[in-house]
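So that you can see what the record holds, here are the features copied from TrEMBL:
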type: DOMAIN; residues: B:926-1034; note: domain 'ABC3 transporter permease C-terminal'
type: REGION; residues: B:731-762; note: region 'Disordered'
type: TRANSMEM; residues: B:296-320; note: transmembrane segment
type: TRANSMEM; residues: B:352-376; note: transmembrane segment
type: TRANSMEM; residues: B:396-420; note: transmembrane segment
type: TRANSMEM; residues: B:432-453; note: transmembrane segment
type: TRANSMEM; residues: B:465-486; note: transmembrane segment
type: TRANSMEM; residues: B:517-538; note: transmembrane segment
type: TRANSMEM; residues: B:921-944; note: transmembrane segment
type: TRANSMEM; residues: B:965-987; note: transmembrane segment
type: TRANSMEM; residues: B:1019-1041; note: transmembrane segment
Amino acid sequence: MSSEPLLSVRGVHRRFGTGPTLVHALRGVSFDVAAGSMVALVGRSGSGKTTLLNVIGGLDRPDTGTVHVNGTDVTALDEDGLSLLRREKVSYVFQSFGLIPVLSAAENVAAPLRLARVAPAQRERRVELLLELVGLADHARQRPTELSGGQQQRVAIARALAASPRLLLADEPTGQLDAETGLSVMALLRGVVESEGVTVLVSTHDAVMMALADRVIRIHDGHLHEQAAGQPYESTPDVG
Amino acid sequence: MLRLVSRRARAQWPLLAALLGVVTIGATLLGTCTLLVTRTAERALEVAMARAAPADVDVTVYTGTVEGRDASSVTADTRTALTSALAPFAVTTSARASTVLRALPPELAPGTTVAAQAYLSGLDDLPARAELVTGRWPQHPGDAVLLEPTAERLGLTPGRRVRLGAELAHPPVPALEVTVVGVVRPLSGRGWDRDPLAAAGSATGYRDGRFLQPVNAYGPFLVDLADLVTTGATIDRMEVTAHPDLSHPNRRDLEAAAGAVRRADRALAGALGDRVQLARVSSDLPLTLRAADDQLHVTAAVVLAIAVLGGVLTATALVLAGRLTAGIRADETALRSTLGTSRRQLAATATLEAGLVAVVAAALAIPASSALHAGLTHLSPLDDAGLTVRPASTSAQILAVAAGALVLAAVLTVLAIRPVPAAGDRRTRRELLARSGADLMLAVFAAVGWWQLYAQPATAGPPDAVVLAPALLLTAGAALALRVVLPALRGVDRLAYRARGLALPLAVSEAARRPQAVAAGLLVGLTCAAGTFGLALGTTWHQSQRDQAALSVGTDLALTLSTAPVAGEGAAVSAATSGTVSPALDRGTAVGQWLGTAGDAPRLVAIDTTRADALLRGRLDSDRDWADVGATLAPRTRVTGIAIPTAAPLVLSGTAAGDTSLTVTPRLLLQDTTGLRTSCTGPAVPLDGREYPLPACATADGQRLVAVVLPVSADAAGGPVAVTVTLTVPPASSTERSTDGSDWTATSAPPVPSKVRDPSVTLSNTSTGTALRMAATVDLGGADDAARTLVATAFPDPGPVPAAVSARFASEAGASTGSQLSVTVGTTPVPIVVTEVVPTVPSAPGAVAVLADLDTLSRARVVTGDLTFPVDAWWVGHPAGPGAAERATALHLGTVTTREAETARLAGGPLRAGLPAALRLIVPAAALLLLAGVVLHVTCDVQVRAVEVARLRGLGMSRRDIRAVLLGQHVGVLLPLLAAGAAVGALTTRVVAPLLVRSDTGAAPVPAAQPHWPWPAEATLLVVLLTGCVLAVAAVVTVQVRRADAAHLRVAP
């Protein structure tokens, strides 16, 4: 683990709406994440988890503050730069899987590689490897609607890993899965951190996930609090 | 429930606005078509009847033999009966009457043993029919004017009193005494053909049917009609013509008048009783009205077909909109069901909403269709046809709009309450079976519709299938095309995945693998097919009208003569029209003994075929043109004969061997510069060696002598006598050669050619001119009146006349190329040989007809001694300028018909103008519905996929790439669907459009309509459709992609 953090968030504010409908989603959030770690971001619904992930991934822009990923100032990038960032360094896993319905599992996994214009042969090998990794080598030709929720999320993880990102942002990846399937997905993510050396920032309600994380960050009403990994969520003290 | 509908309407107003727009478009189209087949049709009937030629609406009563004492009352009663029959229309009547022949004083016609007779005629409007040459018009009882020829032959001048004696073959009546007060010249085309002597002024050997012996008839002595019927003279024939004022007709009055005219014979017989021997009512009014109705029926059938097509397009657009609406509301519907809302309550809500949409749509469509209809009537061809109206609503239109809106609302309701298909891109087996079944049914119905059209009788009006067939065929075609487009897209999908990037394969995959919106695909394909078909049908219809007009007139301008042409007339026609002019024969004939079938006599058309290319019009349906056909018919050499100076007398002298006293009555045939041949008969000339001047036959410049016929008469029978006759033609102008080396040939005319043996003719130049010396040996044996006719012609016997016959002629007469037949011209049988079979003969569309060269036909008659040159019209090719027809009409030679005018009548006449106007509706309606459908579909599609778009950004795709994917996807679907639609439109045009085109009588057109695909217009339409769709898709995609941001990820399911 290098001393330079892979992710550095400083003084990020994000508001939505105006006047009486104003929502202050993030209030001066600052934290660092070291490379190769798995960090759980926990908080109630509406606490700002998804907004924070979107700001980190460049899908949303903060009103103030900066975000650095692997030394790149995300907030300073233009639209093309952000696309490049997501193509090469940051990838997403969504709660609702986010697979492209018309593509097969293999084609979904290949999508980031196509965006990176990887040579076909190399692309095929990588897809095969990743599907093997997530245990879906036999389901390569099936489309998302023909897969179970857990299988779809595995494909989503495989796709997120396809372009060998440095940072993987997972927004409640087990939110639509039953406990057993969720556990297997979590184990997969943990395994990915170990095997691929990817840094994972995962928002979750899941206590098991928190237990698997190297570090747990709690977000409440736009403020960030940190707690020790493996501690129960409700008893977590604020860390300022 | 109303609150739910109201709140939902506020929340989903763009969607409801789209539904409302689609229903309104459909109802407006329906309303407009209804107005075209009701309001415009009624107006068209009125305009057509108001514009009808007098001959088509006039009612004439022909009365025969009225005693003098009854003449006045019969005239008055006939006028009253006609006025009554045509009520409530104002009627103007005109009458003409001629008396039976009465004895002329012998001193007026000396030198003949045959009785000289004369007759009186009375005309209501004499000054409009004749031109006063000298004197004045009749003003007082006993005043009479004479035609120029009558005055000349009787030597009468104004001021002379003439006593007309006993009536021929009639009980004694008092003599009449008239005073000649003027001399008039009959005007052409003013009804003089109905004069007993056709305005010739006199006739020798005239038989009037009352008296067996021929008489020399003179007349008419033209008096005022009111005067004539009070003279006590027996009326031989009387015509009373009533012309109804149809400037403001309506259907009810027209039908009443037509019915009264049909019953008029009986009514008239009751009114006139035994005061007349014969009374007959003749009028084309009922037929004209019926023909107008037939045309309206033909027009209405196609307009309704367009309305049905518009209805199908609207329904398809509505099905798409309804499905999208149901999809968007699926969650709401599921929630309401979960909360306990019954299916009936859901249906009630849907019905209420659809009903409200229908009511609002109808409220909008009624004024919109009125305005659209009024707007259409201000455009050509309705405007040109005089059918312009102001916006107004009719009960039929309101009913049609309301019914249409309700039916469309019912479609919406059904779509709203039917279960939403399960999500997913794979169809269930049941769905596939249902779709296949629907496609099969459509195909079967379309095939049945096509067969009904195909098998329709050629002579009847269009079958009811015409209304449904186009819509069925287009819908079936579009549905089947969808089945081709999707596999094609899947093929492209496989190819696209060879690309390295993501945008192209993803766009193609989205196009090929998305859960296919059948309604959207069908709408795109069907609207494109309907638009292209509409354009092509319009072109096909217009081209067919042009083809029909060309074949019907046969040439560019036809001047049908009301009187026999005179030398030099062709030059006048040529000067007036600046075109290629030819005399034309166009009349019924007999082929051998065959007179045709059921009153459909064979037609004989003959013109100068050396100029066939310039003169003949009409599609030949082969790689040959009329020049090729003309070349097979034209004579190898032209006839020029001997130039004759104008007004210079020819001199005839002759000798006969021995003491026999012989005379010849020379008849000369002259040809003018346009090829018109006129004959001239001289007095009987004794063959005594002396020279006798003949009357000056040449009345126009440039005439040439082309034939001489010399009937030889003898006072007593005898043996063979050698005769020699010399006709000396004075020299023509120095610039004109007298002779051209024509091949002068002598022959003996039938029926007994042996009576004139060894005929010969020689030509020589003398000091006094050109001498035509004819010699033969005449056999004076046999009957006194046996024909002994020497014929000298400037051409040899042409033998059988080459003729092109129509396909129907060939079929019915069993003729083929090489067949030798005989056609009768006048009373002379002319042998013909079939050189070619053509689809149909110009000016005789679909008839059993023969086309020949008029010169050759004339030659064949002349060699038999028949010098009559059968001419019925002047045909003009390539007339110069738009005023040629007017200038030709101003010659007052007869009726002028032009190809352009006939085309305008067929394509833009009031009874037919509704059809092209309706065709104008379908293309913009299709384009509008296509754009509406595309915008609706793309908006819903991109909205539904907003989260997916945001996630694509999460994958690292730029907004630009995402736009490219979405645009590529939709264009990828649109392109093949538009191409398939165009293909369906083209195919439907090929198989249906010609069957939809009917003639103005409702029968199959002649020549048969051919499909026409206007490439430039179709390409423009496709470019416009594609551009419009792409712009719409690009706009929607741009807006939706801009909106698809992180917020969508936060609310993602």
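Glycine residues also receive a Cβ, built from the backbone N, Cα and C atoms like all the rest.
TrEMBL labels come from automatic prediction, so no person has curated them.
With a threshold of 8 Å between CB atoms, the same-chain residues lying at least 6 positions outside the transmembrane segment (B:465-486) that come near it are 301-302, 304-306, 308-309, 311-312, 316, 438-439, 442-443, 445-446, 448-450, 452-453, 456, 512, 516, 518, 521-522, 525-526, 529-530, 533, 537, 976-977, 980-981, 983-985, 987-988, 991-992, 995-996. Where the transmembrane segment (B:965-987) meets the stretches B:296-320, B:396-420, B:432-453, B:1019-1041, the count of C-beta pairs under 8 angstroms peaks at B:1019-1041.
Taken together, the residues of the domain 'ABC3 transporter permease C-terminal' (B:926-1034) have an average pLDDT of 87. As a quick check, the transmembrane segment (B:352-376) and the transmembrane segment (B:396-420) clear the bar of 3 or more Cβ pairs under 8 A, pairs 6 or more apart, so the two touch. Per DSSP, the domain 'ABC3 transporter permease C-terminal' (B:926-1034) is made up of 87 helix, 0 strand, 22 coil. Beyond the transmembrane segment (B:1019-1041), the same-chain residues lying 6 or more positions past its ends with a Cβ under 8 Å from any Cβ of the stretch are 524, 527-528, 531-532, 535, 923, 927, 930-931, 934-935, 938-939, 942-943, 946, 949, 959, 962-963, 966-967, 970-971, 974-975, 978, 982.
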